[in-house]
Amino acid sequence: MTSALAEQLSQTMAAIHARGWCDGTGGNFSCVLARDPLILLMAPSGVDKGTVAPEALIQVDADGHVVAGEGRASAETLLHLEIVARTGAGAVLHTHSHAATILSDWCLGEGRDAGHLPLQDLEMLKGLAGIDSHRRRVALPVLANDQDLARLSASAGPLLGDAPHGLLIGGHGLYAWGCDLAEARRHLEILEWLLEQRWRRLLLEALGQLPSRAIGIQAVLLDIEGTTCPVPFVSQVLFPYARERLDAFLREGANDPALAPLIAAIDAAMAATDSNSIQGETVNHLSRVRFLQSLIDQDRKLPALKELQGLIWDEGYASGELRCPLFDDVAPALRAWRGAGVELAVYSSGSVKAQKLLYRHSNASDLSGLFSHWFDTTTGAKGEAASYRAIAAAMGLETRAILFVSDVKAELEAARTAGMATRFSQRQENPEQDPGSFEAITSLAEIEL
Ligand SMILES: CSCCC(=O)C(=O)COP(=O)(O)O
Ligand SMILES: [Zn+2]
């Protein structure tokens, strides 16, 4: 006797096959038959999934072993099991459609926002559970294909919780899931539709037949110095504060094991320098301090120095000696943008630790919670377009959905090359006052998203 679920799964597979989404023996499809112990009802491996009768379905346990029915379990059962375990799905449907296959490959191509395919501004998004507006952006995770299904499933696992009921595998296809078979099928049809739209639109854009879609700004990426706080706060307060305290800080922490790796990195940098001022000197406390002070004076960036400065500033902020005087327009603009659902991120040459301290101890109270992402030069140099692409990828956004604000034209140039929208911050005390070809703002309040 076959169950109603088996009838439904068999019919669903036939319908999906008829759409051309699992040609040949492609695709595999499963439903949860029992949860404790877990039993999946699924098609056997290596057969045409459009003609599997209900009684030909097999039952598979939580280890991927066939416990009832004729035939082998698909190697991809491991990914089905991972999806069920991570999301509580009641059904998992895997297709090999042309749209899913070509777009997943395209996403992983060089220079793309590999790792995610953003989908937005389409009414059909509302067919995905939890999405109530076409404006909501979803980021479909994309993983490189791997014949080692245990490894592929382990890589997929952490991405599944935030995934929009779907996952792309490069050059392979789509996995979609739902709380039951009906919802999984709806999610599959919606995602396939969104993917179809996406590649057709890309084609028309490439042919110059369709203007690149204005998708609206979804995130603001902010430089700090000269953009949200006065340049002199950094150059005349923060840097001298750390410079003056280097000696005492290093002396007091000489036996602190936490400082040992920093001191080792500083000594290595000293050994590698050709600076005459320290050549021939034995590395000792004073030469180390002089070396670091000379780096600060020349505005040279050494990661260990940045970290040391962060530790010294930490003490200064904690004691109340330091407080960042953000421009008056900053806190209201940040709050308004967050209130409108815009994501906020920082990209500054100061370390992420220093960035967080600055916003945590500002004249407008602790604003650090408004930011979802923090980037420093460990992501890449601020004058390189690749850094802005990496930032967009880390945020799961297209570069054109991000507005970057900075007082340095070379940085704006790189961000523009990567595809970001830009604004030149023209604050009174900034060294660069000419906006060149960039739109200038004198206050964040002038920015309309
Ligand atoms: C020609 S299909 C290659 C295997 C595959 O990716 C697939 O989805 C079908 O696998 P199954 O083992 O379920 O037949
Ligand atoms: Zn497959």
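Here, residue 1 is simply the first one shown, and the rest follow in order.
Even glycines carry a Cβ here, placed using N, Cα and C.
What TrEMBL says about this one:
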- 7-199: domain 'Class II aldolase/adducin N-terminal' (DOMAIN)
- His94, His96: Zn(2+) binding site (BINDING)
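The Cβ of His96 (Zn(2+) binding site) lies under 8 Å from the Cβ of Trp21, Cys22, Asp23, Gly26, Gly27, His172, Gly173, each of these being in the same chain and 6 or more residues away along the sequence. Each residue in the domain 'Class II aldolase/adducin N-terminal' (7-199) has a pLDDT score, and their mean in this model is 94. Cβ neighbour count for His94 (Zn(2+) binding site): 28 (other Cβ atoms within 10 Å of its Cβ, all protein chains included).
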